[in-house]
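Q: Feature list, courtesy of TrEMBL:
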TRANSMEM  53-73  transmembrane segment
DOMAIN    60-510  domain 'Major facilitator superfamily (MFS) profile'
TRANSMEM  109-129  transmembrane segment
TRANSMEM  136-155  transmembrane segment
TRANSMEM  167-185  transmembrane segment
TRANSMEM  197-217  transmembrane segment
TRANSMEM  229-250  transmembrane segment
TRANSMEM  320-339  transmembrane segment
TRANSMEM  359-376  transmembrane segment
TRANSMEM  388-407  transmembrane segment
TRANSMEM  419-445  transmembrane segment
TRANSMEM  457-480  transmembrane segment
TRANSMEM  486-506  transmembrane segment
REGION    545-588  region 'Disordered'
COMPBIAS  569-588  compositional bias 'Basic and acidic residues'
Amino acid sequence: MGYLNNIHKPELTRESLGLSPWVKYDKYNPNVDGSTDARKSLAGLDYSPLRRLTMSSFLMGIAISMGGFIFGYDTGQISGFLGMPDFQERFGQRHSDGTFYFSNVRSGLIVAMLSIGTLIGALVAGFVADVIGRRLSVTFWCVIFSVGNIVMISAERKWYQIMMGRFVAGLGVGALSLLVPMYMAETAPRHIRGSLISTYQLFITFGIFLAACINFGTYEHQRGNSGSWRIPMGIAFVWAFILGAGILFFTDTPRYLYRKGQTEEARRIMTKVYGAPPNHFTIHVEMEEIEAKLRAEANKEGPVAEWIHMFRAPKMAYRIALGMLLQMFQQLTGANYFFYYGTVIFKATGINNSFVTQMILNGINFGTTFYGLYIVEHYGRRKSLIAGSIWMALMFLIFANVGHFSLDRNDPQSTESSGTAMIVLASFFIFGFATTWGPMIWTICGELYPSRYRSKGMALSTASNWFWNFLIAFFTPFIVGDIDFLYGYVFFGCNLVAVPLIYFFVIEGQGRTLEEIDTMYLLGVKPWKSSSWVAPPPEEIARIRREAGTAEGDVAEAGEITPAPALDRSSDESNVEKEEEKETEHHA
């Protein structure tokens, strides 16, 4: 038996079949010279090429990503509401001249209270998902979101009712922001996992864009009454119903079902999403890896002990900190500076209809995210995030300079060209965010943790996202009031600091199984060398993860892992040649 490279059929390669370098074939199988590309090993496993995308994977990705749409729609609404006359009159404060406005405190609380709810929702959603399953959890949190929406839409004159409604709705949004990437990470085929998880960000941008369009329409046609803001709020019930009811037509994730003892159901789901027969090599390997990993569930002691074990397990504290930092820096890119306060920002630049400007920017955000889905699986996570950070830093540097030094803030109409330039720069910034940091951080955090700790790890990282989201949403009006567009220098610096974080700490997960990524962190693979790392055989991965406590056996203390033999792609080629020579001698 020889490696796949020994098969004399040039159109077949390890890469084209998505197989690891240790995979062997029976080169004397009668199918080798036949018309079919299917291969059978002596063990009876099918090695036929996998389809890039199956209908089951596609429908699953679209349906569950509605959670991102709800998040985006709720985010996109509030920027427009703050500029609507009826909303200002009902919930704002009155100037001495009779006009209405929102103070920094009131606007900050209305906008930011959603983030407080999302932070709490993200923290508790993992526990709920472990108890009742990923699928029913999604339905439950859609109901909670709808309750918050009812509180808001029924408000008459009390601004704090809007604030509390956003808090309750935020509980649902925060929980969904955890559950959607988790569901996809545990279900999606590994070769398109990054793209499917990134679809969550695509739907966030679509929700933001559609909210801006609806706000513009109701602002134009319902300007003098509450329909201008109640209609967009009411439409949100439709999105919650689509997700909450639609998810019931799908099953739970294979990894969750396997943990609950439903082995055959887990296998059936995996064959559907991969579009492969039950005896396919990829299904066989993934099921074995899940089996090895989830045997550790028998050693669970209790909720508190599990949290303690998680932080004591090798490399877990490192990964928890990394996930929280990545989500923090996603907020500190400055994207929500435009999404939350875009209407107000561009009104200050002298633009006549800031609703139109916001709609254009959100359209760019949505459209360019499609390109981000391509980038995540073709250029990798690390290179894309580093390039995105540098690009966004440059855009904010120029934006801040133009806004502070060129724009006449007392009479912005006199410096119309500066206002136009700032819109163009904001568009370029959003292009960089939508193609890199927007979708990819959710992908990386979905891959970062082993199954045993995934719900807890993602809860902490998602809570970090919402905590920094709250800080930006609440304090932005105060900061802009003091230093105006120089605020952009803060985001410029944060984007630059993110570059070394990615280079030195984030492992490349493109094309890897979740178990391989876990093993890379456990072995301490250098992130800047992770792209060329070759995984050991499945039994070696199982041993490494068993010693670490993320597979079979007890939770290990840090430092107890025995490293696997070093593997790289160059040595793999020489091993192939040596084995071919040995095989030739044997048959001779």
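Each residue, glycine too, has its Cβ placed from N, Cα and C.
A quick note: this is a predicted structure, and the numbers were derived from the prediction, not measured.
Neighbours and distances for these, please.
A: Residues of the same chain lying 6 or more positions beyond the ends of the transmembrane segment (109-129) and with a Cβ under 8 Å from any Cβ of it are 74-75, 78, 82, 91, 102, 137, 140-141, 144, 148, 159, 162-164, 166-179, 182, 303, 340-341, 455-456, 458-460, 462-463, 465-467, 469-470, 473-474.
Using a Cβ-Cβ cut-off under 8 Å and counting only residues 6 or more beyond its ends in the same chain, the transmembrane segment (136-155) has close neighbours at 64, 67, 70, 90-91, 117, 121, 125, 128-129, 161-162, 164-173, 175-176, 179-180, 183, 230, 233-234, 236-237, 240-241, 243-245, 247-248.
Packing against the transmembrane segment (167-185) from elsewhere in the chain are residues 60-61, 64-65, 67-68, 70-71, 74, 113-126, 128-129, 134-135, 137-138, 141-149, 151-152, 193, 196-197, 199-200, 240, 243, 253, 442-443, 445-447, 454-455, 458-459, 462-463, 465-466, 514: each is 6 or more residues past its ends and has a CB under 8 Å from a CB in it.
Counting same-chain residues at least six beyond the ends of the transmembrane segment (197-217), those with a Cβ under 8 angstroms from any Cβ of the stretch are 61-62, 64-77, 79-81, 84, 180-181, 184-185, 188, 231-232, 235, 239, 339, 355-356, 358-359, 362-363, 365-366, 369-370, 372-373, 376, 434, 438-440, 442-443, 446.
Residues 60, 63-64, 66-67, 69-70, 73-74, 77, 80-81, 84, 86-87, 135, 138-139, 142-143, 145-146, 149, 152-153, 172, 176, 207, 211, 214-215, 218, 222 of the same chain, all 6+ positions outside the transmembrane segment (229-250), place their C-beta atoms under 8 angstroms from a C-beta of that stretch.
Remote same-chain residues near the transmembrane segment (359-376) are listed as 76, 194-195, 198-199, 201-202, 205-206, 208-209, 211-213, 215-216, 338-339, 342, 384, 423, 426-427, 430-431, 433-436, 438-440, 443, 510 (criterion: CB distance under 8 Å, separation of at least six residues from the stretch ends).
Through the fold, the transmembrane segment (388-407) approaches residues 333-334, 349, 415, 418-419, 421-422, 425-426, 428-429, 432-433, 435-437, 440, 484-489, 491-493, 495-496, 498-499, 502 of its own chain, all at least 6 residues removed from its boundaries and within a Cβ separation under 8 Å.
For the transmembrane segment (419-445), the residues of the chain that approach it from at least six positions outside its boundaries are 181, 193-194, 197-202, 204-205, 323, 326-327, 329-330, 333-335, 338, 342, 346, 349-351, 357, 360-361, 364-366, 368-369, 371-373, 375-376, 381, 384-385, 387-389, 391-392, 395-396, 398-399, 402-403, 406-407, 412, 457-458, 461-462, 485, 506, 509, judged by C-beta separation under 8 angstroms.
Counting same-chain residues at least six beyond the ends of the transmembrane segment (457-480), those with a Cβ under 8 angstroms from any Cβ of the stretch are 104, 107-109, 111-112, 114-116, 118-119, 122-127, 170, 174, 177-178, 181-182, 310, 316, 319-320, 323-328, 330-332, 336-337, 340-341, 445-446, 448-449, 487, 490.
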Q: What same-chain residues lie close to the transmembrane segment (320-339): Cβ under 8 Å, and 6 or more beyond its ends?
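A: Residues 75-76, 79, 208, 310-311, 345, 361-362, 365, 389, 392, 396, 426, 429-430, 433, 437-438, 441, 444-445, 448-449, 457-458, 460-465, 467-469, 471-473, 476, 487-488, 490-491, 494-495, 497-498, 501, 505-506.
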Q: Summarise the model's confidence over the domain 'Major facilitator superfamily (MFS) profile' (60-510) as a mean pLDDT value.
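A: For the domain 'Major facilitator superfamily (MFS) profile' (60-510), the model's average pLDDT rounds to 86.
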